[in-house]
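Copied over from TrEMBL, here are the features:
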TRANSMEM  30-49  transmembrane segment
TRANSMEM  61-82  transmembrane segment
TRANSMEM  137-158  transmembrane segment
TRANSMEM  221-241  transmembrane segment
TRANSMEM  263-281  transmembrane segment
TRANSMEM  293-312  transmembrane segment
TRANSMEM  352-374  transmembrane segment
TRANSMEM  380-403  transmembrane segment
REGION    413-432  region 'Disordered'
Amino acid sequence: LAQSLLALFASSLAISLVFAIIPLCHNVVVLAVVMAVAGLAMGCIDTISNMQLVKIYQKDSAIFLQALHFFVGFGALLSPLIADPFLSDTNCILSNSTANASSNLPHIRKSLLPHHPGNLSHYDLPMKGMVVTRVSYAFWIMALINLPVPIAVFFLLYKERMVPCFNGSSHPLLSADELALETRPGDKDELSTAAQRPHAAAGHEDLFSCCQSKNFQGASFTYFAVHITGTLVLFMTDGIVGEYSGFVYSYAVEEPLAVVHKVAGYLPSLFWGFITLGRLISIPVSYRMKPATMVFINVVGVLVTFLLLLIFSSSVVFLFVGTASLGLFLSSTFPSMLAYTEDILQYKGCATTVLVTGAGIGEMVLQLLVGSIIHDRGSYSFLVCGMIFGCLAFTFYALLVFFHRMYPQPSPGKRAPAPSPALGWEREQHEP
């Protein structure tokens, strides 16, 4: 836990520093390096936060994962609203030709669509002159907004006596096992007994212990199959999130829909807004519904939505309705899949690392793939690709359920794997 919190502290602090530095980058190579550092930091935060919630809260982790990903969606929805007042409707550099260039901006935006990659040569944009953009303020505001996060993580390190120089008189916060058992009063006797065990008795696991080869010795075929199929489901669903939010604007402004640019700009915001709403709804729902059921509803909903979008491809109204529906169904897929897979594999945390990595790769690869297909085949292929990815996600989910049924379950009296050392106790697994 100490290693994870230190990594979260360093990564969240790096993000604030990166956002503060971005406006000062006047060289594209320097900017690329800075953005790469930001990507590494965000990847660390994504992986570690999901893994630790699973290891600490185990069977209660579904609710906490839904809450975590609600705030991911909320941040994605909020940050463009913060940046919007600082974006310029005209060119950011003043010169004698600025007025002429500004009048051409709508035509330039249309020419930037994938079907017209080479039509910009006859637009003369000023590259030298007085810079008038205020977009730097948006980056600095985001850096300040993020700064309380590393401060909070450091405070948690301090309260848990994990900072070498400040481990004297501070008292630990309410332990994670007590938080997890707040909703289960019947287990409090078990907690009171377990709380008397020494904190160090559970040993000290390494952050990357799940990657050691000794953990795979004697593992069955279904053990690896569950990891692979679960990863492929998230590869497809997170890839759909990336490609839909990235290309729905381009699809809308092209024929046959030909939506006005300003109206089409609302589509990505609508998509992320309903992802955020869906994750908020999923927090109480996940308390009542099994993660496997939620994932099933999600993948079927995505498949049906893309089918209807293909059928009503000439309707602007249904494009907005379908975008909202797709956001709702995709919203809880990621946290529900993490909870479901870890439930199969007894909450060791390793599956979370594999699934988060696979989801990130899918979000990157499918955007590149869909972009090149739209360029060659036209805007309608955008929906066709989504339909294919939805079918594949459903297929991989069916395989995951099949391998789940084949996976050997622990005997009723068998002890569940020991949780994170932060708990300081071992939970007995009670089965009917």
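Positions of Cβ are set from backbone N, Cα and C atoms, glycine also.
Note that the structure is predicted; figures quoted are calculated from it, not measured.
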Against the transmembrane segment (352-374), which of these stretches has the most C-beta pairs under 8 Å: 30-49, 221-241, 293-312?
221-241
Which bits of the chain, at least 6 residues beyond where the transmembrane segment (137-158) starts or stops, bring a Cβ under 8 A of a Cβ in it?
2, 5-6, 8-9, 12-13, 15-17, 19-20, 22-23, 79, 82-83, 86-87, 166, 170, 173
Could you pull out which residues elsewhere in the chain have a CB under 8 Å from any CB of the transmembrane segment (221-241), counting only those six or more residues past its ends?
275, 295, 298-299, 302, 326, 330, 333-334, 337, 340-341, 344-345, 350-351, 354-355, 357-363, 365-367, 386, 389-390, 392-393, 396-397, 399-400, 403-404, 406-408
